[in-house]
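Taken verbatim from Swiss-Prot:
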- Leu344, Pro345, Thr346, Gly347, Leu348, Gly349, Lys350, Thr351: ATP binding site (BINDING)
- 42-57: compositional bias 'Basic and acidic residues' (COMPBIAS)
- 178-188: compositional bias 'Basic and acidic residues' (COMPBIAS)
- 891-900: compositional bias 'Basic and acidic residues' (COMPBIAS)
- 1041-1055: compositional bias 'Basic and acidic residues' (COMPBIAS)
- 1077-1093: compositional bias 'Basic and acidic residues' (COMPBIAS)
- 331-499: domain 'Helicase ATP-binding' (DOMAIN)
- 24-165: region 'Disordered' (REGION)
- 178-212: region 'Disordered' (REGION)
- 236-305: region 'Disordered' (REGION)
- 867-937: region 'Disordered' (REGION)
- 1013-1055: region 'Disordered' (REGION)
- 1069-1110: region 'Disordered' (REGION)
- 447-450: motif 'DEAH box' (MOTIF)
Amino acid sequence: MADDGCSGLSDFITDDELFNEVTLNEVSDSQTGRPTKRRRLNSHEINTDSTGRREIEEAGTDSDTFDPSLPPNSKTTGRGRKSNDDNPAARKPKTYTPKYHVDQKPLFVTQTQPSSSPSRIRGPRWKAPERNKPSTVSKAKQKSPLPAIWGRKPSTIGSHGTNGKDIDAAIAASLRSFEEEQSARGDAEMLDDSIEEPGDTQVHATPGPVTNAEKETIFDFEDIPDDAFDFEPEFTETADKEPILISSQPRPSQNTTRRPTASQSTSFRQTTLLGGFASSSSKRSSQPATQTWPSSSRNEPPTHHELNKDALRTWIFPKNLGSRREYQFNIAHRALFHNLLVALPTGLGKTFIAATVMLNWFHWTKDAQIVFVAPTKPLVSQQVDACFHIAGIPRSQTTLLTGNTPPGVRAEEWRSKRVFFMTPQTIMNDLKTGIADPKRIVLLVVDEAHRATGAYAYVEIVKFLQRFNNSFRVLALTATPGATVEAVQEVIDGLSISRIEIRTEKSLDIRGFVHQRNVETITFENSRDMITSMELFAKALQPVVDRLRNQNAYWGRDPMALTPFGLTKARQEWNSSPAGRAASWPVKGTINSMFTVLASLAHAIDLLKYHGIGPFYRNLVSFEDSVLKEKKGGKCASQIVADGNFKVLMSKLRSWTNTEEFIGHPKLEYLRRAILNHFLDAGGKNGGDSEGSDSNTRVMIFSHFRDSAEEIVRVLRKHQPFVRPHVFVGQANAKGSEGMDQKTQLEVVGKFKTGTYNTIVATSIGEEGLDIGEVDLIICYDGHSSPIRMLQRMGRTGRKRAGNIILLLSKGKEEESYSKAKDSYEKMQQLIASGSRFTFHTDKSSRIVPQDIQPEAEEKMIEIPIENSQLGLPEPAKRSRAPKRPPKKFHMPDGVEKGFTKASRLGRTNTDSNGRSKRKRVVRTPSPELEEFPDLGDLCANQSQELADDPDFQEIAGKQIPRLRMDVYPEHQRSLRPTGFIEHGKYTRRVVKTFRKISKLGFDCEAQYRAIVGDPDDDGEGLEGLSTDREDDPQSVTAHQSREQPPRVEKRCGTEELSSLDIEAFFPNLAWPARPEAPRPESDGTDNRDQKPSQRKKRYMISDDSDVFE
């Protein structure tokens, strides 16, 4: 038990003398130069008849949950300890005198000092330790003699002189306290001299000291657990060049499943560098270390995509760019089987990884579709180039669709192509209208994935696809996943991410591909002109701020501390406060107007502080014009403009900005000198006209606002052609500034790469993902509190060669914001790598590939098809007339019952609740085919003959039916008889009209006919001169007869030809009554032959509704 004794007292030794065998020098009070160390012991600690429980407890313990390894309560130790009047022995001090001599300096210890937190050593405080159940090893130790201390024999323990018994009791109590602490934590005891045989669980105590040879062979390596040396240090602040351990880097434990051995025990535990004990139950990474893919216990339904079994045997890694990079190889392999979020610094090949994954899924499936989405068209075009010239995806199978493509053309492309490069809004519209089939999509690649928060189109696309398709892969690419834990978790939830692969510039596997970037931070004080402007502007705004303070709506006093966000929050709080709710409408309107005016002017304050006098002056000019000319802002704005301080300020600003050489901010002067020095150091003297000039070096400047970007360009243009700057902004038009469409943006980027421009001043449009080219110097004109934007800016340089970054910050808020962004980025990288704060969606990440298939990597050169050498993007050709938009199509998820379902059948499957099967649908027998129709002429002739010969047609019930006669009831034939429900038809009216005309014909109709038409035997000579008048009234006929010119024959049609027939021959039985002639209308003597048909008077107009006859 000698070894156990050393282990038991090892906690009393400091860190710098751990496990050193020492002996205390036997010195007396007269030999030492300092007083002896005194230790005060309670009476119950040295009581010989005390049980093991009382010996463990220190004096003054409050409860049973007190940990004996911790320092005692302050009320019971030291000077503040209360005395026990009932036990006078407790007041008597005990002197501890060392008896053993050592070569080292004497060491005096009074109590154990654990290096870890109490909850980590003894467990939670609400759980009392199980002290009544000592382990078997503890009992064996109690029966064995006390171990040798510092190499001495056990017999020497009792030789302490006068106080020997007290010292022995104190040491024994300390040993038992340590043993009880170990058993209370449930951990195994420290190593003793017992050797455990395989399969034997009994402890064999071997008394006596342990030699050094025995110590070397005492370990049984089979008893060491697999994770004994899987130590993962906590993240601490490291130097810039110190690597950061990340969870996604390969570890042996992540590729194999741990299998415990037969003799595995808990006799060993891992010690941290700080002296504590590592906790094996803590969650170490976002990816479980013991899980292999695919999981044998996870049963997934087979995919509905048609897979290519031959191609699934391998997965292709292109070598067109040269030697492979291990991090790209590992990330691409994991992206084939997981919904992966890839976080890589800019310029490290995220586009190549996406092209590799797209190529493999293109070969693995036969007709499934692959979609790549990016927020802007320039980002989409970058991926198109990688897929064509690196992955070798055929151009004929790809297309680029944006909102400018007509829906009819997009529908045709969705039916014929397999690889699509789109903007997120376009694909979302195609999915909603049914143009795109969500069930055919097998891979969705998302660029700039940090945007996938809230209701952005990325999130809506994934949600829509999951409604119809449970077998598709998601690959998300970004350089900065998020600024907070909540933002990263929102991205994980929105895209159903199951794994994260993250790398930083300090990661071991990418250090060889990241060039050094020197970051230089420069801070600036406000200039005299800026201070003067701030003072005048503050005096102009002070009355408005005081009015808000008097209304308890705003608590700030300094107008220069106004911010748009602060004013917005103050307005919301005042409106929701009792004072705001109880205020009258005029008061509310006045206060809200003041908040609005101050919020607009707070932006001008930011421009003055961080961007200079020029942008500040232009903002105030716009504000002044809106008040004086457009009459906006109300009384509050008019009061500010009319203030004397404001007028003095505008006068000074106007005089300063009219000076050509005026520079409104110290940042701008430093920026100008830094750019000139950079080009001079690069060897350029003639602006790139000679060899060795600055034609190979580029500078990029980032500014948050367009006003400051244009101010920078104005200053730099004075040094042309040495410095050739150009502004680079977004598409939207701003007040006083025009936007740049995507075509213009690509042209500017192309000229920047070729050297036409060597300096670009960009807003946020140049931050995300755009391949600007090789930039040697990055200047951030203003700091930003967002780590995403900060890292996007810095990632523009240091890709193929070393780069420099200059940060221009104003002292105060801007400097603090940058520091906060930097710390937030580093902390987020650690949290993402650990994965301990995120929840991943492994249940929504199906493998798609069958579990019995394990594709093997195949590295090879990809043969690029000849069709990929064509210039331009694979956009559909423009047509003179676009195809019609197809009707909206509703896609249904699998297993959905289509059609109408009764309420009684809801929730039922093939059988009802009683076990009865559904009623089978009645199948109707097909009706016999119809015979061909006979010829209509033959049919009519046969029917007429049959009716004439059929006696049944003429007789009903033995009575003969008279034949139809047209000569009876003539009065009824010339009138429309009353009807009940159905009106008279068109043909009925015509027949009645015809009979009316016939009835009006007199007995002299033949003579009248001959007079008008002429002799029927005439050969038609002289017909050219006949009249073509269509009037039929007798007066008109008489007028024509009186003319000397020969009459003209007028062709008549219809029933009017009946006037020349002999009516009596047709109706011999009719008695024709003598009818008086109708009065003829007097002629006005005008000739109607030249009138238009619509202007002529119509004769014989019969009302169809008239039933009255003469």
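Quick reminder: no glycine exception, Cβ is built from N, Cα and C everywhere.
Over the motif 'DEAH box' (447-450), the average per-residue pLDDT in this prediction is 90.
Taking a C-beta cut-off of under 8 Å and a sequence gap of six or more, Thr351 (ATP binding site) has these contacts in its own chain: Gln382, Gln383, Ala386, Leu477. Long-range Cβ proximity for Lys350 (ATP binding site), meaning a same-chain Cβ under 8 A and a gap of 6 or more residues, is found for Val342, Leu344, Asp447, Leu477, Ala479. Under DSSP, Lys350 (ATP binding site) is assigned to a helix (H, G or I) in the three-state scheme. Between the candidate binding-site residues, Pro345, Gly347, the densest Cβ environment within 10 Å is the one around Pro345.
Remark: secondary structure over the motif 'DEAH box' (447-450) totals 2 helix, 1 strand, 1 coil, with classes taken from DSSP. DSSP gives Leu344 (ATP binding site) a coil state; it is part of no helix or strand.
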